[in-house]
């Protein structure tokens, strides 16, 4: 019985460890932010690249807001809570936004994206550069 004890302990630890598996946060899918903007990320390729679409719920443009393409990359190797970045080329204004962030899984298993972004408007002259970003 003494020799069987270490084997049972190892078996118990191996089986118990399966319940401790960290859920991976996947960027692929539909996302909505707290302001109502919607983003869809298509397949994340093996090299981390991805494409998708973004429609903002807020804009200062007088033009009709329309869906805009996004192009991005996820940190490799695939981690359980990866960092990523993407660019949105707005189809309704002459501006581009870049986003960087991380995908988290909270304590109840919900996937959450935390991002920061920067918008660059087109500037007609160098003197106006300061107000374009």
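For all residues, glycine too, the Cβ spot is worked out from N, Cα and C.
In TrEMBL, annotation is done automatically, which means it is predicted and not curated.
Among the features that TrEMBL reports, disulfide bond is placed at 25-103. Counting every protein chain shown, the Cβ of residue 103 (disulfide bond) has 22 other Cβ atoms within 10 Å.
Per TrEMBL, the feature signal peptide maps to 1-19.
Within 10 Å of the C-beta of residue 25 (disulfide bond) we count 21 further C-beta atoms, all protein chains included.
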